[in-house]
Amino acid sequence: MDTSTITFFNPSLLRETNLKCRQCLLETAAMGQDDAQLGAFDGEIVCETPNNLLNKFDGTLSWRNLHFSLDNDKILLRGCVLRNTSWCYGVVVFAGKDTKLMQNSGKTKFKRTSIDRLLNFLIIGIVFFLLSMCVFCTVACGVWEWLVGRYFQVYLPWDTLVPAEPTWGALVIALLVFFSYAIVMNTVVPISLYVSVEVIRFAQSFLINWDEKMYYEKTGTAAKARTTTLNEELGQIQYIFSDKTGTLTQNIMTFNKCSIAGVCYGDVVDETTGETIDLTEVRQRGRGAGACGGAGAGGGAARARLLELEHDAGRSTPGGRRPRSSDPLDFSFNPEYEPEFKFFDATLLDAVKRGNKNVHDFFRLLALCHTVMPDQKNGRLEYQAQSPDESALVSAARNFGFVFKERSPNSITIEVMGKTEVYELLCILDFNNVRKRMSVILRKDGEIRLYTKGADNVIYDRLKSGNQTDVRSKTQEHLNKFAGEGLRTLALAWRPLEERGFAEWKRRHHAAALALHDRDEQLDAIYEEIETDLLLMGVTAIEDKLQDGVPETIANLSMAGIKVWVLTGDKQETAINIGYSCQLLTDDMAEVFVIDAASYDDVDRQLAKCRDSIRVVNTFLPHGPSETAAERGGVGGAGAANGGAGVSRASPGRANVKLNAPAVSVVTFRWEHNTHTAHSEPDCYSNEYVSGGGPYSADSHEHNNDDSNGFAIVINGHSLVHCLHPKLEEKFLDVVIQCRSVICCRVTPLQKAMVVELIKKSRKAVTLAIGDGANDVSMIKAAHIGVGISGQEGMQAVLASDYSIAQFRFLQRLLLVHGRWSYYRMCKFLRYFFYKNFAFTVCHFWFAFFCGFSAQTVFDEMFISVYNLFYTSLPVLALGVFEQDVADTTSLQFPKLYAPGHTSQLFNKTEFIKSTLHGCFTSLVLFLIPYGTYKDGLAPDGKILSDHMLLGSVVATILIIDNTTQIALDTTYWTAFNHITIWGSLVSYFVLDYFYNYAIGGPYVGSLTVALTQATFWFTAVLTMIILMVPVVSWRLAWSWTRPTLGERLRARQRWRAAAPAPRTPSARRARRSVRSGYAFAHQEGFGRLITSGKIMRRIPHADAALSALASLPGKFHARPPSPAEPRAPTQNLATVDL
């Protein structure tokens, strides 16, 4: 096979995990490896200007007086990696910043948290507060000096320092006092705050890195905080923007079920109870049990055994159906089987062994109708497919004994139950977004057949009328059933062709394939002629493997009030299916809008209809549309059994509303009124809950998901271009902000970043972007928080991120535990930090009224210097690092604990003012009560107590006791570090005071010792602490009883009842109401023409599983079909390189 013109590459920039191929022009390929010819190449390339469109390239090569068209199949992009190809020659078209990779890369921005921005504003306010106190003291000093101070001139050297004239002397002294008070009270400006904040963030980052519950054992990857400045921002996320491939999914497809000639296969029935078992549960049971035997064991003997099994009916039950069990089938009879392949319905395997014609034709079609490339590696057959869906289907046929072995330009070789069959490949009718199907035309033994697979609605429209009525109706029921289970469905059909008719069609097909203009449109018209009068063969159902815990994670994040947007390059239908699989889209939603217009005016109209529909719902159903399990017939009940995929019957009220509702392009539409059942409970914050059972009520209202209804919107990249237009931005935002989930499909990396920027600027919301590939870098950089997943797509996303994790499910722990804790700790730290600073500093201000505004300090200079360094720094740092209101498990069980961060409830301007006023009040009490008790006072032994140094020592001691008591009251989670720092700081005060005054000989020597030996001090200390603590304790108790927070209720329940809340159990999968079909094709045109032309032997077409448009249900609004793809330029052949 000649593969010299083919280059395989891994398009990491395009976020594809499967291989793609590019083919150069045959005219340039003729130069081969001749360095002389390559060096003498003098062709001229004229191409489009640099842009960020990854799937489009238009250019022309002029060489030897001939012109050759260049398109996207002839270009290699920077960021892609060559696979299965050692090297290739090329011409550099774009370089540096002009490459598509750089065109899609956003600028690096310095990220700051919302708390940082608030602190900057508050610090400016504190500076103005300091200046105002200094100005006040300056004016007061001038007045005092002019009225009173001049009488003290005899004691002060006025003649040498200040003018002797009273007025000018008072003015000069007042000006000097301004700078003196600026120095004395500068501690009100928290210079050490930023140092403390960075220390806390640094420690919190290590707690994230050391969390074993975010360690992925499979790859040995731990979570990592790549920055130390954004931890608390993790606790304030309002929007999450997520990639799909590799982020939400494993990119692993599994063949789950199928329907062949009206018979459904794949359901697993318990042998003892007769009940159907969920496949997820079955796989968990058998995860550790591999299939018997090995892939390469006993090649010849196994093949002989395979031939025998073909004629062996097996030990089947009457009717040909064997009882099904939850044990995976043993495929070891097949020498080419894959040990990792799991299937549980033995009846399908029995039908294969018995030679059931319908079943054999079904798997024969799967083995023949595709563009998969076989490859032998280490003696083992491997497949390279243009999409994971197609690979899963070919793999399923392989394991059931229909092995695709070899492909050539004119033939396909398969092995059916050990027998080799060779088919002549006459034509491949390739897939594109408009056709939503692909076909192959084959000849064997003189018989010509057309095999087709595609979207179920597309195939059904082309079936031969009047035939297979019973099979079609049963298959439709199975389609609804599969789609209701969230599986990706694909319909299979065939038709016989006459030799004469095919020859005429082939002639016209060849002419269309040579057209230079509108080639794709002409080919599509030719394909339509032959893809008619089809005979239905069956349908397949494939499960797109999500990562473990994705639905639960998204559900928890949604309950936490975080809106999740998925930005993906996949097809619209693929994105919708993933949305349902991971619970971004649910049947409880009022509507799921689809915006898929191609023009500005059409997008404008669709947005207007969506907005009108939302307005209608909110008008007629102000409490929001929802439904109960009873209205649906129960989970997995009659709704799905009747083929309705869980569609509930409209009530009279619902029907009346729909008559006036605007016609909107929707996927699902629900109008049921809210009905309170046993499952409808009041919100966890409601007054009913508090008054009904008090803060210690045992009811688990917190578990309720109060946003189980709402709206969702699905929009493609073409429509998004217009939505981001300045004139449509407001209308677009008006719709999406009312939607619980948003899915943007077919988007470029730059569009992802633009969507994030739009929400950041318009909603002033805290955003998080998560992805794992190079095309997610711009989005990650644009968001407030960027999270990279270290997966199979390289380290580009991780290197550009602020935090890295190994699995999407770890995101909920990163946000709901570490993010919430970090925000909670930082807010508590800041409130206490400002409180203690104001309580300490403003004492000087009160003392100014009693010292003639002379800038005399109430405390010893040494105490002022070490107050923030030794006495109060460590306790508040321990608070900021280790504090937590509830345990990590509780944070995950009750996602609504995350809600305060959305509105910055724990620290904002109001909380700052409260803390500073509390500090000012504390300073006032701290100074006035000791001053009142020690002014003109006498000790029992007759010593005078009205001493400045004694007063300063008493105030300082009570201040330290107050600080210790306040932080002890604020601490809810005590660790050894908290005990050591809090009580250690109190002890250190007395130790350092003794060392400083007695060992060094400070000016306040003996004053504290004298105070501690007198009853006056203890009376003053007790009285002051009572006045300070009683209001605080009383307020907190009253608030916790009348308006308790969720965290307080949970802590109270743990203290008083010692019973943890019941963990949330995942709800059973609801039946889907709408048929969501998936078809195993790439998300753009494939490369069938390259296969038949003989120019390609080993290749992978452009990937992404494509899905059909959703089948409309009676009484539903119809989704607008996707707009036709832009015509491609004619096929050309020069490998151009984008470096």
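FYI, residue positions are counted from 1 along the chain as it appears here.
Glycine is treated like the rest: Cβ placed from N, Cα and C.
Positions annotated as active site, 4-aspartylphosphate intermediate by TrEMBL: Asp243. Under DSSP, Asp243 (active site, 4-aspartylphosphate intermediate) is assigned to coil, being neither helix nor strand in the three-state scheme.
Residues annotated as ATP binding site in TrEMBL: Asp243, Lys244, Thr245, Glu390, Phe431, Lys453, Arg488, Thr568, Gly569, Asp570, Arg746, Lys752, Asn775, Asp776. Thr245 (ATP binding site) counts 27 other C-beta atoms within 10 Å of its own C-beta, drawing on all protein chains shown.
Marked as Mg(2+) binding site by TrEMBL: Asp243, Thr245, Asp772, Asp776.
The domain 'P-type ATPase C-terminal' feature in TrEMBL is assigned to 798-1045.
According to TrEMBL, the feature region 'Disordered' maps to 1117-1139.
According to TrEMBL, the feature transmembrane segment maps to 118-147 (among others).
The annotation transmembrane segment is assigned in TrEMBL to 167-195 (among others). Using a Cβ-Cβ cut-off under 8 Å and counting only residues 6 or more beyond its ends in the same chain, the transmembrane segment (167-195) has close neighbours at 119, 123, 126-127, 129-131, 133-135, 137-139, 141-143, 145-146, 149-150, 158, 830, 833-834, 837-838, 840-842, 844-845, 848, 853-855, 857, 864, 867-869, 873.
Within the same chain, residues 133, 137-138, 140-141, 144-145, 148-149, 177, 180-181, 183-185, 187-188, 190, 193, 196, 867-868, 872, 876, 912, 915-916, 918-920, 922-924, 926-928, 931, 948, 955, 959, 962-963, 966 sit at least 6 positions outside the transmembrane segment (833-856) and bring their C-beta atoms closer than 8 Å to a C-beta of that stretch. Taken from TrEMBL, the feature transmembrane segment applies to 833-856 (among others).
Residues or ranges marked as transmembrane segment by TrEMBL: 862-882 (among others). Long-range contacts of the transmembrane segment (862-882) within the same chain, counting only residues at least 6 positions beyond its ends with a Cβ under 8 Å from a Cβ of the stretch, are 187, 192, 196, 199-200, 203-204, 207, 825-826, 828-829, 832-833, 836-837, 840, 952, 956, 960, 963-964, 967, 970-971, 973, 975, 977-978, 980-982, 984-985, 988-989, 992-993, 996, 1002, 1004.
TrEMBL lists 912-932 (among others) with the feature transmembrane segment. Distant neighbours of the transmembrane segment (912-932): 122, 830-832, 834-843, 845-847, 850, 858, 951, 954-955, 958-959, 962, 1020, 1023-1024, 1027-1028, 1032; these residues of the same chain sit at least 6 beyond its ends, with a Cβ under 8 Å from one of its Cβ atoms.
Counting only same-chain residues 6+ beyond the ends of the transmembrane segment (944-961), those with a CB under 8 A from a CB of the stretch are 839-840, 843, 856-860, 863, 871, 926-927, 930-931, 934-938, 985-986, 989, 993, 1003-1004, 1007-1008, 1010-1011, 1014, 1016-1017, 1020-1021, 1024-1025. According to TrEMBL, the feature transmembrane segment maps to 944-961 (among others).
Residues annotated as transmembrane segment in TrEMBL: 973-996 (among others). For the transmembrane segment (973-996), the residues of the chain that approach it from at least six positions outside its boundaries are 862-863, 866, 870-872, 874-875, 877-879, 881-885, 953, 957, 960-961, 963-964, 967, 1002, 1004, 1008, judged by C-beta separation under 8 angstroms.
Per TrEMBL, transmembrane segment is recorded for 1016-1039 (among others). Sequence-remote contacts of a segment are chain residues at least 6 beyond its ends whose Cβ falls under 8 Å from one of its Cβ atoms, and for the transmembrane segment (1016-1039) they are 918, 922, 925-926, 929-930, 933-934, 937, 939, 945, 954, 957-958, 961-962, 965-966, 969.
Using CA atoms as reference points, the binding-site residues Arg488, Arg746, Asn775, Asp776 were checked against Asp243 (active site, 4-aspartylphosphate intermediate), and the closest is Asp776. Distances between the Cα of Asp776 (Mg(2+) binding site) and those of the binding-site residues Thr245, Phe431, Arg488 are shortest for Thr245.
For the recorded site, Asp776 (Mg(2+) binding site), the DSSP three-state label reads helix. Taken residue by residue with DSSP, Gly569 (ATP binding site) is part of neither helix nor strand, so it is coil. Asp772 (Mg(2+) binding site) and Arg746 (ATP binding site) are 17 Å apart (CA-CA, integer value).
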